[in-house]
Amino acid sequence: MNWHRLNIPQRFMPPQGDGQHYGAPGGFPPMGGFPPFMGFPGGMPPMDPSLAWHEFTDQSSGKKYYFNTITQENTWEKPKALIEPKAATNSPGVTASPNIEMKQAGLTSMQPQALINMAAMQPQQMPDAQSKSADKVRPISSNAVAGTPWCVVWTGDGKVFFFNPSTRTSVWQRPPELYNRPDVDLLVSKPPDSKTQTNGKQKNLTMEKPKQEFDHEQEEGETSDEEIEAPPIKKSKQEKKKQKQQPAPPKEKEKPKPAEKPIDPAIKAELEAQQEREKVPLEERLKQFREMLEEKKVSANSTWEKELSKIVFDKRYLLLSAAERKAAFESYTRERSEIERAERKKKSKEAKEAFKLLLEEAKLHGKSTFSSFSSKFGKDPRFKAVDRMRDREDYFKDHVDELYKKEKEEKKKEKEKAKADFLQLLSEQSDIHRKSKWSSVKKKIDDEERYRHKSLDSSLREQLFKEYVSKLPEEEEVAEEEGEDGKKLQTEEERALEERKREVEAELGDLNKERAKEHERHKYHEHEESFRALLTDLIKNADISWHDAKKLLKKDDRYDSLSLLDREAKERLFDEHIDSLEKKRRDLFYQLLNEQDQITFNTKWRDARKIIADDEKFSKIHANERKTERYFRDWTDKRHDDALQDFKDLLRETKIITYKSLKMIQENETHLKDILAVLENDKRYLILNENPQERERLLEEYLSELDRKGPPPPPTATSGERPR
């Protein structure tokens, strides 16, 4: 009988020889000799079922299984006899008759001596070579690698492997993600402390402890099994032979293992490219990588993941490492975004200028409509060059408003000239005096062109006539009568006195006229101020039109009392009031934008609107979406120009930058680092972090300008300024 198959030490095997057979373990056919043992007189002492179970470890999976040396049974689950040994011993079933006990334990065919020997067997007296070897390959330390899902694991025999807890994979070779990692090199080269290994060995010395400690540690080992599994190791012939002698673990339904895959071509190409990179300088590789991005037309507003499919199959893709690729990609997209932004701005400006030229060629007037203009010039390339219809309407409206203002000013000037010409016509009529009638005067001058001017209506002519005669002195009538009798004057002295009298009266008349005009101007200014106050009280919306505002103003009694103001003057004051309201609203909007740190001159309107949408100030300011967006664009342009000007001022204030700086930088870049170290401490430098290319351009232009000018001229010294 081959007892070695059960891994039972020789001293516990039943004696052999002399033709006597004491029986075989349960499951073997009975041998000749004595009949089956029926029990001791008075019953056999109860036997502990846990003594028949032994623990083993599967070398392929590392799992533990249990083998019954009596029933030849094996199982993955820990038997109840090992979990509750005391309960199994003290249970009522154990104190039953010996025959029943032996049947339950599978010992009906064993001799008494074999039973005694089997009962005396203790687990700690059965050293297991395979379990010791398994303890040696158990992990004793694990260190996670920052930024990756991998861990560096050391085993008890001083070996290192790599474990991924997310995918539960273990490999001996270093994964590609851990290449060129100094921290990984340190973890691989430095084994754990000897204390850790000693503690691991002490935990495995369970064969020398009492049974109670063995059972206790066995249970603890089951509940605290390490989840990290080392990759499979090649076994020697001796280990394979020992494994064959060990009882086979129970068969378990396992999924078929996939066939080993060949090395990923991408990983292989990455490894080969890593060797090639060392032969080419970094600057050259960066240049070729950027050329590839330009050739593949990588979008400046896209992400690395979206654009990867365009460039991954190009040979130049492998010129840089993974980190260098992403850094070069981000740098390229930032620069490209700035270039595209400048191109869009330039293109938009050119389209705007061409559209304005089209507006001038269209010969519009102040009352032209956009619908008629678009239907007539909609197919013109200059019309289509402006992308958004909303911008076209804004440009058209601004142009028409400007035309309307010009036309209004021209009409006003023309009317003033017509009024002056009409008054000149009246002054040329010598027979007009203070009591002259308009009906009789107009018959004399109605054939004059200055009378029939289109800017003068009948009511205005009559009003001008009344104003003119009201300013004539009363003495003129007497002077005219005396002039008729002047012929009666006989002496030169009387004529001289009369002439002097007329001169004095003329001077007094001019003075009275000037006083009357001053009084009229003062009265006119009073009416203007009253109308401005009326506008302030009633018109508070900058989007209202003059047509609607006039209806609202006429409801107030103060409107009728302003008789000195004609329609054009009132409309002019209304436009000034609307411009003032617009300016206040624009200033409040700019103030709101300045309070938001998240909004910069690079922020788009749709993003900025989300930030300020919930603000109460915005709800009060916002009225017209297009006008608000135009205000925002004006604000961003102004902030951008201010930031550039502030940076130029910073460069002029930086004393370390001189006319020698450019040559010093060309010889050694340390000077450039010193300059940047000074500039980086100023807010005027940091505000252009989103436009690094523009900032660098300004710095280069300033350095070139200083280099071109050369050293500054020496200051002119005076005697008083010389040090004593």
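Using the three backbone atoms N, Cα and C, a Cβ is placed for every residue, glycine included.
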Looking at 365-396, 397-428, which one does TrEMBL call coiled coil?
397-428
Looking at the ranges 325-352, 689-716, which is given as coiled coil in TrEMBL?
325-352
Do any residues, 6 or more residues outside the coiled coil (325-352), come within under 8 Å Cβ-to-Cβ of it, and if so which ones?
286, 289-290, 293, 298, 300-302, 304, 307, 317, 382, 385-387, 391, 395, 691-694
